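Engineer: I am attaching a structure below and will ask some questions about it afterwards.
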Amino acid sequence: MKIASFNVNSIKARLTNLTDWLKEAEPDIVCLQELKCIDENFPHGPIEELGYNVAVNGQKTYNGVAILSKHPLEDVSRGLPGNDGDDHARYIEAVVSANGSVVRVASIYLPNGNPVDTDKFTYKLGWMDRLIDHARELLSYEEPLVLAGDYNVIPTIDDVHNPAAWVNDALFRPETRAKFRELINLGLTDAFRACHREAHRYTFWDYQAGAWAKDNGIRIDHLLLSPQAADLLKASDIDRAVRGREKPSDHVPIWVELDLG
DNA sequence: ATGCCGGGCGAAGCCCGA
């Protein structure tokens, strides 16, 4: 079973780019981020035509996440627990049953957090605390679990082209990286890193200053696996060629293959 | 480099992303 994550930076602007990739990559499950549309405006038609069931947690203008699945989506829940006052659409979770197996999947759009001297950074760190609490709960189920999304976290110096340019950025600040390690240390596996040791493999390149041409990127989209999912890990990779196409997102898809039949 | 691009909103120019 192939499970992917893709920050599309507007589902409306990216529809053709997305459906082209869906046709060639043929993922079973896709976690999308930054839809930038309300539930009613999600383009169900072109995506359901390709055989996907769809669960959306949308929002006007900002954020918005979804899960696409060729198998039925069950027990869909929207929003990250722990703060009823948080109205950002940054989290959706569902259970997928396929071939007698079950996998729980979440699509995550973790806050950017810049500038760091504002409440945006506080919000990011608080959101990460809530994610850690929720992940601890989900891990207690002892089942295959994939926490997939745009984490807006550069985990290590190997995951950025020019570390010096990011030292004071919310994506690379020590506090951010420490919280990410706290999440990993619950017992999650960074699927891409488990399959690839080489440095400088990125999932995001800025639209500006020729970042793509210079390979000036960062690795901030991650698929984190529970031990039960990591047991099934066969492969993981980044579909970087998508960044070079017409009207690309600034992120590219990243995926895992799990031996779930 | 800190918004040079790109998208939303809405119909010019601002907000936002990373």
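Just so it is clear, glycine is given a Cβ too, placed from its N, Cα and C backbone atoms.
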Engineer: The Mg(2+) site in TrEMBL includes A:E34, A:D150, A:N152, A:D250, A:H251. Which of A:N7, A:N53, A:N57 is also listed there?
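Structural biologist: Among the candidates, TrEMBL records only A:N7 at this Mg(2+) site.
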Engineer: Could you state the CA-to-CA distance between A:N152 (Mg(2+) binding site) and A:Y109 (active site) to the nearest Å?
Structural biologist: 8
Engineer: If you count other C-beta atoms within 10 angstroms, which of the recorded positions A:D150, A:D250 is the most crowded?
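Structural biologist: Answer returned by the neighbour count: A:D150.
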Engineer: Just to verify: the residue among A:E34, A:D221 with the fewest other Cβ atoms within 10 Å, which of the recorded positions is it?
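Structural biologist: Least crowded of the recorded positions A:E34, A:D221, by Cβ count within 10 Å, is A:E34.
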Engineer: Are there any residues at least 6 positions away along the chain from A:Y109 (active site) with a Cβ closer than 8 Å to its Cβ? List them or say none.
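Structural biologist: Result: A:N7, A:Q33, A:E34, A:N63, A:G64, A:V65, A:A89, A:R90, A:Y91, A:G149, A:D150.
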Engineer: For A:H251 (active site, proton acceptor), which residues of its chain lie six or more apart in sequence with Cβ-Cβ distance below 8 Å?
Structural biologist: A:F6, A:N7, A:V8, A:N9, A:D150, A:T203, A:F204, A:I220, A:D221
Engineer: Using DSSP, would you call A:N152 (Mg(2+) binding site) helix, strand or coil?
Structural biologist: coil
